[in-house]
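Trainee: Annotated Mg(2+) 1 binding site per Swiss-Prot: Glu14, Asp60, in sequence order. Taken from Swiss-Prot, the feature Mg(2+) 2 binding site applies to Asp60, Asp62. Feature annotation from Swiss-Prot assigns domain 'Toprim' to 8-91; the stated evidence is sequence analysis.
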Amino acid sequence: MINRIKISQVIVAEGRDDTTNLKRYFDVETYETRWSAINDQDIERIQRLHELHGVIVFTDPDFNDERIRRMIITVIPTVQHVFLKRDEAVPKSKTKGRSLGIEHASYEDLKTALAQVTEQFKNENEFDISRSDLIRLGFLAGADSRKRREYLGEQLRIGYSNGKQLLKRLELFGVTLAEVKEAMTKYSI
């Protein structure tokens, strides 16, 4: 039997199946966004939960859930974040469909992700990465730039970012140039 770890913050998740899987392994309260149907009332509720308990945004590694994450960050920049790697969110059975989701993640993958909670970076003056650094490292130009960004997002557990958003995402989480270089040391095509 798994010893359920207590999580004091409220986790914002996409739906009922995500909540079910999280509660299977953790003592946690969740707020479900009902897929991508987040509205102003949801944002107000999440803001209230954040004031009372703290909030961790833990959404699926797909486009719609990144949209939800951005909507929440815009209004509540101090929320915490957890990211699953895409391969950790893939259904283990072919009968479960092809969607990515927290509902498919194992206990070990969820525990690893939750152990790496991140917050928005607060001191922009210390951010040391430039657009030219990203070009030089092959994140914005080149045949494998998308794969490089995917790999980096997984290694740093900050989620995928397209070329236009990568610099902003790295700054958001206070990632240093040294951390980027370290994360990419094991990258191979």
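For all residues, glycine too, the Cβ spot is worked out from N, Cα and C.
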Trainee: Could you tally the C-beta atoms, other than its own, that fall within 10 angstroms of the C-beta of Asp60 (Mg(2+) 1 binding site)?
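Mentor: Within a 10 Å radius of the Cβ of Asp60 (Mg(2+) 1 binding site) lie 25 other Cβ atoms.
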Trainee: What does the DSSP secondary structure composition of the domain 'Toprim' (8-91) look like, as residue counts for helix, strand and coil?
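Mentor: Each residue of the domain 'Toprim' (8-91) counted once, the result is 39 helix, 18 strand, 27 coil.
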Trainee: Looking at Cβ-Cβ distances, which residues of the chain lie under 8 angstroms from Glu14 (Mg(2+) 1 binding site) while being 6 or more apart from it?
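Mentor: Counting only residues 6 or more apart in sequence, the Cβ neighbours of Glu14 (Mg(2+) 1 binding site) under 8 Å are Glu32, Thr33, Arg34, Trp35, Thr59, Asp60, Asp65, Ile68, Gly101, Ile102.
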Trainee: Give me the long-range Cβ neighbours of Asp62 (Mg(2+) 2 binding site): same chain, 6+ apart, Cβ under 8 Å, in sequence order.
Mentor: Ser99, Leu100
Trainee: Mind looking up the mean pLDDT for the domain 'Toprim' (8-91) in the predicted model?
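Mentor: Here the mean pLDDT over the domain 'Toprim' (8-91) amounts to 89.
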